[in-house]
Every structure is written in structure tokens, then in C-alpha cells.
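Asks: I grabbed these lines from TrEMBL:
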DOMAIN    52-84  domain 'Alpha-D-phosphohexomutase alpha/beta/alpha'
BINDING   65, 269, 271, 273  Mg(2+) binding site
ACT_SITE  65  active site, phosphoserine intermediate
DOMAIN    119-167  domain 'Alpha-D-phosphohexomutase alpha/beta/alpha'
DOMAIN    199-276  domain 'Phosphoacetylglucosamine mutase AMG1'
DOMAIN    290-428  domain 'Phosphoacetylglucosamine mutase AMG1'
């Protein structure tokens, strides 16, 4: 077939190093950028097949998130903005590791197994972060899509959550929002402006794509949120001594940020899908508010609104074994919120959260979001329109409606999560110190100890977490 001949010819421009093998995991493929050209081309091929199979637009994001700048990676995004299914993760690994002379055979094997109609049109959205290698690697993705006759929309520089948002908007035919960067800014900022009032926040952009996009979003927020942006990419290296992972692991503020006592601060990671908050007290002690504290703040706020609105919806918080035990006890014993524990990895938390009317999930590293079932959203929308609803219930349900619009339900999104947190603190009249005092974390520390280049063991006992890599 002519289309396979084009794949054969173009794949020669993106050859696979002999013997190199990589595994598609929860974070997609990640390694040193010099090893990824053939991977990107082949993920363009796979995204095209996935699009033909689902008859939907698929996303491909070129990023290595919080990894060092010299690394890069790629993630595939399914039709509703979620991560690609486990079966297709296997196909990604299969296709990526095929030697050059067996690429077409592996490609045809996937087509046969999935019974893909190759005459079906294909649409793929592509985005990239600010790493020096991202431009050439994203071009390799575009080459892969075009070699199988797929159509692409290259969004250029976007955060990972923004591309998830675009894919969902496209496949819901605009019901979730407009599939443009401006549409993303408008949706989030309008919801935020309905929820909050003038505030000031210090933001560490990790010298990454999130900093660039926050600069673009500032005009949409008007003066309601005064952002002081540090590590904005104008100088400094991506994720080097800054960003959410650095702050979480080192338990200290990032380089390049001047923090006054008690001042509220937050850090994104490299591709802006994680966020952590922090402040220093009058004694100079550093206080971290990680994903557990974020989940507790948001779930408590939502539960209070549900009670005020008189809505009988089940809300649950999904955690992993890495969650601080104090947060679990507070949620279950004080707030009477159901807590579900699942395997580590965002895809597992996301799927578990879908089982509830409202599922709140955040990993301790600050990656998470909130999911509302279609039934829950319908009940909330109907109550907003009900003219017989009293003032207290009406206020609560309108806050719920605006909160839903503010949340990026497709994936953890540092920008969206930041705005949700700022809105919740404003509505509840809480300072960052009030938030921190909700419960006291059990002592915990994340350490990295080099044991062997080929060994990775995670050990967790109570709230003491030691990672061996």
C-alpha cells in the first residue's frame, strides 16, 4: 500500500538506534532527548491509528515534565483528555522497540488486532514544552502523522494540561469549551472572577512552559489576582533548583524567589501539571502544603457546598500509599469524607475517581484534579435553574457551578488547580496558615539514594518515604 511505502521512506529519516529499548509508562516515554527522535515519529504513527480507531482527535504532547532540561519525552492523550488506555500503552512500547526492518510488520499487527479502518480520517493535536529539543522532536511527531495521511493541528508551546483540554474540547464539539489557548484562558478566568476577589500570590514557574502561559493569562485575570512570577524562563535552567519537585523533595523554597514571612507561594513543575504551596513562618521555618493538603482543602470546600445546597452526592478522595496518614484520618474521622486508596500512578487515581459522583484525587507530589460525574453536573445545573431554590441553596449551587468551570477535569493542571485553591481560600476567608493548620502532617521525608543504575525500589513505612533509585 502506498501509505505504508511513505511510512517506510520517512522512517529512514528517524532511524532507531539498534538495541535501544524503552518502556511506555504512566508518564509516557522519558529519557535523554538524543534517544527520542525515532520514538516521536512512531508515536505520530500510533496517534494516527488511535484516531482512526476511535474516530476522534488524539493528542501528542512532547515534554519530560519535571525531568532535567536535557531529557525529553512524549505522552499520548485519549479523546476525553484522559491518558491513553493500558492496551495502547503496550502498543506504544511494541512500536517503539521494533527494529527498523520490522517496523511495518508491527504497525500492520496493531492495525489487524484493532481492526482499524485505514480509510477513516485521522486528527492529531500536537503540543510541546520549552526544552531546546522539543522543536525537532515535535516535528518528528508531525512527520509520523502525515506519513499515514493524518491531519494535524500544531499548537506549538502549550502546557500539558492545556493540550488535554484542547483534545477534550474538540471531541465534545465545544461543550467543554473552545479548543484554543485563548478559550482555555477565558473559561478559567471567567470562572475564577465569579468566585474570588483581589489577592496576591508568588508563583515559581520552574523556568518552564507554565511560566510562559501564566504571562499570557495575566490580562484575563485583570486585577483580581496579583501574580509575582519568579523563574519565568528569562534566565535559569528548566527545573534546576526550582519547580514543584525541587520544593517537595528539598523541603525549601526555590532559588530566585524572595519570600516575606507568611507570604503565600506556589511552584509549578516543568510542564505545569503539578503544583505545591508553601510559606515560611516568623521563625524562618519552611511549611509545605502538598497534594494531600490540596485534596483536603478542596474536598472539604465541596462537601460544605453540597450540604448547603441540599444535594445528596457522594464525594470521595482518592489517595495512594504515599499519602500522609494525618490527611487520611482527618478526612475520614473529622470531615466524614470517604477515602479510597489505589495504586500509585495518576492513571489509577483518575480511573478510581470516576467511580464517584465527585472524585478528588491528588498525589502527594501535587498532581491531581477533581472529577464530576455527568449525573452530578446535571443535578447541579438543574438546581441553578430552579426558581424555587432559596437564597442559601442558590448561592451554594452557583459556587459549585463556577467551581466546575474552573477545574480542568481532563488531567492535573497546575494553573487550574492554583486558581481553584485561590478561590477556595478567598471564599472561606482563609489564610495559608489557616489552611496549613487543618491538620498536622506526620513527619515524612523523601530521599534519593543511588543503589544501582538498574534497580528501583520504593519503600514506605507509615509516613516515612524513602525512594531508592
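Glycine is treated like the rest: Cβ placed from N, Cα and C.
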Asks: Averaged over the domain 'Phosphoacetylglucosamine mutase AMG1' (199-276), what pLDDT does the predicted model reach?
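Replies: Across the residues of the domain 'Phosphoacetylglucosamine mutase AMG1' (199-276) the model's pLDDT averages 94 on the 0 to 100 scale.
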Asks: Let me check the 10 A CB neighbour count of residue 269 (Mg(2+) binding site). How many other CB atoms are there?
Replies: 32
Asks: Using a 10 Å radius around its CB, how many other CB atoms surround residue 273 (Mg(2+) binding site)?
Replies: 33
Asks: Other residues near the Mg(2+) site, CB within 8 A of the CB centroid of 65, 269, 271, 273?
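Replies: Going along the sequence, the neighbours come out as 63, 66, 159, 160, 208, 210, 268, 270, 272, 274, 367, 414.
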Asks: What does the DSSP secondary structure composition of the domain 'Alpha-D-phosphohexomutase alpha/beta/alpha' (119-167) look like, as residue counts for helix, strand and coil?
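Replies: In the domain 'Alpha-D-phosphohexomutase alpha/beta/alpha' (119-167), the DSSP-based counts are 22 helix, 13 strand, 14 coil.
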